[in-house]
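Shown next, in structure tokens, is the structure this report addresses.
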Amino acid sequence: MGQCLRYQMHWEDLEEYQALTFLTRNEILCIHDTFLKLCPPGKYYKEATLTMNQVSSLPALRVNPFRDRICRVFSHNDVFSFEDVLGMASVFSEQACPSLKIEYAFRIYDFNENGFIDEEDLQRIALRLLNTDDVSEDLLMDLTKHVLSESDLDNDNMLSFSEFEHAMAKSPDFMNSFRIHFWGC
Amino acid sequence: MSEDGAGALPPGRPGRQPGSHQENPSLDSSCFSSPPVNFLQELPSYRSIARRRTAILSRDRQRGTLLKPADSYSSHLDGAITENLNSQSIRKYALNISEKRRLRDIQETQMKYLSEWDQWKRYSSKSWKRFLEKGREMTTHLELWRQDIRSIEGKFGTGIQSYFSFLRFLVLLNLVIFLIIFMLVLLPVLLTKYKITNSSFVLIPLKDMDIQCTAYPISSSGLIYFYSYIIDLLSGTGFLEGTSLFYGHYTIDGVKFQNFTYDLPLAYLLSTIAYLALSLLWIVKRSVEGFKINLIRSEEHFQSYCNKIFAGWDFCITNRSTADLKHSSLRYELRADLEEERIRQKIAERTSEETIRIYSLRLFLNCIVLAVLVACFYAIYIATIFSQEHMKKEIDKMVFGENLLILYLPSIVITLANFITPMIFAKIIHYEDYSPGFEIRLTILRCVFMRLATICVLVFTLGSKITSCDNGTECELCGYNQKLYPCWETQVGQEMYKLMIFDFIIILAVTLFVDFPRKLLVTYCSSWKLIKCWGQQEFAIPDNVLGIVYGQTICWIGAFFSPLLPAIATLKFIIIFYVKELSLLYTCRPSPRQFRASNSNFFFLLVLLIGLCLAIIPLTISMSRIPSSKACGPFTNFNTTWDVIPKTVSTFPSSLQSLVHGITSEAFAVPFFMIICLVMFYFIALAGAHKQVVDQLREQLSLVRKHRPRGSGIAVAPSPHLLPKLCLQAWPPPASFLH
């Protein structure tokens, strides 16, 4: 795999990325290095793009059951530019604020992209989490019913964004689990 | 700029139906009459509104392009925009980087239209924030063991990582405790001893005290065998007894510097109070987060389903095998929860006959548990008395092994008791027929109580020995059993030292001689059926946490009697960190039932708090009830340790004295207590009222839903980070803005 043109990141660019994302200097430089290793040869890093498969097979995302959704939410036109990758890393970084994470979590969990997390989405999430074929319909229905009874406030059998936000604000594990350390930085 | 716009979109306020509210028709019309607004469509919060009116749009849209503003985009929003854009930092907006860049340019242009003062304010707040961030970044480099804990998190998940973070917290706590003791007690003594400063010790001879009380024979025999050095090292006797390790070394009444006299007894007492208060505050501060979460969570479920489904996956897992394990643990957890639901329903359907049977069985089993506890405490009591009596006899004449056995007898009995009782409790609880979640919690609670109470029993046994005499005259002379315990604080310190050393040795021995061979057996002799059954070691979090909380409780009790004990504890925990890390990486497989990080943090700190409370009790009793020894230590001139405080208060100026006396009198304490009770009742009533309001609002929501036709979701105001998209839409700003 060839490498992009070896441009050092300009100091102004680094400062700008630090101001616009939640990443630290080291993290941005780490991501820059890894991006350079993966992108196709002969291109400036700001113009190069990675395919969704390349990003899915990064060590940080390789075993994630939601990696296809993550790639879909953060990519533009099915490719990742360098700034897309930075944006993704920023949302998943430790320093990101809860509202940002909740916003993107909603997008990731909305499998059918209708603006709500409905029963179909919940069943798909549960299947991804359990990762087994040996799961009865009853179990899925039970789980869906319990989740909706806890967080569906207006009883329309789906979660709108504000209901999801409300549920995640009460959830103690959300901030801890919705983190990715990219590229071993 | 109109104020309506600002009023219409305050962040976080629940919105109304766009069709019906008058305040911002501009938002409404621009949403629906202009060509599809790409940014708005991306946001789920917008889509909840849009769903009612427009057809569901396809994914086929261009991102990253800025549209020309709709003509109807009026200055109604300008107020809101300027209000909100500058209140949040750019990073918090859910936009991609190129959009954020444009937003920042807009912000900067806006700044030009502000007054000088506002500009300077904004600039300085931005630089201050940047400075704080750089500082925070640098301190993360200083964080101890950051890389190790991160790799553990990636391989084993956040439950086990929380154990190691807890261990790191204890290392820091012990280090700070040692620093306090060092600054207040050790530093003046060392400065004077090694003649670094021109100071001298002040020794006030005892008055009106029988000379017998001050006799303190430190045993030193002529010919010392080599092994006695080892015994002394392991038990704190002999050459270690007179060193600064123990209380008896500090037989100093003050340190005279050039300008003032440093009151060492007062400093010694204050250092104890300071480290206890600091530990309490630090633990409470750390546990407030977890406590709030536990309160907010609904009480019926042990863990809510929302939490398990949406926050169930640890996104930081990078290992294939860990991921498989996480899947299987999620399977287990979700199935167990549904099972628990079923059991709870079954319990609710019990007949009264069955209920009576179950309750009487539980009463009987709880009596058995109590009996087991009493038996263990009695065994520790006997062992301690036996060990103390035989220590006084000619211990030099005994054989090496017997020597150590007698010295370490209490520690051995405590360890054995802590090993056997969890197994007994686990067996008993099966018959009590609780729901699985409650079973786990009750077992852990019983083990915690058992472990921590054993130390208290040991200390109380020592206390009873110190203040009991065969004939009354001995105790009357000095207030304590002077013949057996000329310097009783040092001897209590020695017991704590022995407990700590033994605990450390046991942890190392178990890891070296049980975990590693087990792993070797499983790897190389896996054909044997027994080995396969036994399997590889699991990293049992509750047991490990109890172990280190036990060590910390010993440190808290012992730090008063042995000032260097916190330093030893710090070293011990550092070594334990590396040992446990190696054991985890090389010998353990993670257990299928995993602890959740949020639950764990609160549980660990709760256990630590119980340990602290159990440590304060013997300390306060020994400081205020048992007379301090007259032969050694800084409190030879005082009746009890606590007497330093009244004596110091009597040296204050009279106004301050009367203030102190006023605060500690009943005339102040009773009204103060009553006011505190009133405040507490007020907050309880407030919480109850809030809960009622929440329930009513929930009902209202579902009623509102029922009365609206299907297809119209709840209208919500767009989230605060929707606003920049609206703003980007509006760029370049309408002409009216420029005036």
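The backbone N, Cα and C atoms fix where each Cβ goes, glycine too.
What TrEMBL records for this protein:
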- B:1-19: compositional bias 'Low complexity' (COMPBIAS)
- B:20-33: compositional bias 'Polar residues' (COMPBIAS)
- B:487-598: domain 'TMC' (DOMAIN)
- B:1-33: region 'Disordered' (REGION)
- B:169-192: transmembrane segment (TRANSMEM)
- B:266-284: transmembrane segment (TRANSMEM)
- B:363-386: transmembrane segment (TRANSMEM)
- B:406-426: transmembrane segment (TRANSMEM)
- B:496-514: transmembrane segment (TRANSMEM)
- B:556-579: transmembrane segment (TRANSMEM)
- B:600-621: transmembrane segment (TRANSMEM)
- B:668-689: transmembrane segment (TRANSMEM)
Task: Recorded stretches the transmembrane segment (B:169-192) and the transmembrane segment (B:556-579) touching, at least 3 CB pairs under 8 Å - done: yes
Task: Long-range neighbours of the transmembrane segment (B:668-689), counting only residues six or more past its ends (CB under 8 A) - done: 662
Task: Which of B:266-284, B:406-426, B:496-514, B:556-579 contacts the transmembrane segment (B:600-621) most, counting Cβ pairs under 8 Å - done: B:266-284
Task: Helix, strand and coil residues within the domain 'TMC' (B:487-598) as assigned by DSSP - done: 89 helix, 4 strand, 19 coil
Open item on the list: If we skip the immediate neighbours and take only residues 6+ beyond the ends of the transmembrane segment (B:556-579), which ones have a Cβ under 8 Å from one of its Cβ atoms?
Closed with: 145, 164, 167-168, 170-171, 174-175, 177-178, 181, 185-186, 236, 244-247, 250, 272, 275-276, 279, 455, 459, 489-490, 492-494, 496-497, 499-500, 504, 507-508, 511, 548, 611-612, 615-616, 618-619, 622-623
Task: Long-range neighbours of the transmembrane segment (B:266-284), counting only residues six or more past its ends (CB under 8 A) - done: 173, 176-177, 180-181, 184-185, 188, 250, 556, 559-560, 566, 605, 608-609, 612, 615-616, 619, 623, 634-635, 641-642, 644-645, 648
Open item on the list: Are there residues at least six beyond either end of the transmembrane segment (B:406-426) with Cβ under 8 Å to its Cβ atoms? List them, or say none.
Closed with: 231, 234-235, 369, 372-373, 376, 379-380, 383-384, 386-387, 390-391, 395, 398, 443, 446-447, 450-451, 454-455, 458, 495, 498-499, 502-503, 506, 543, 550
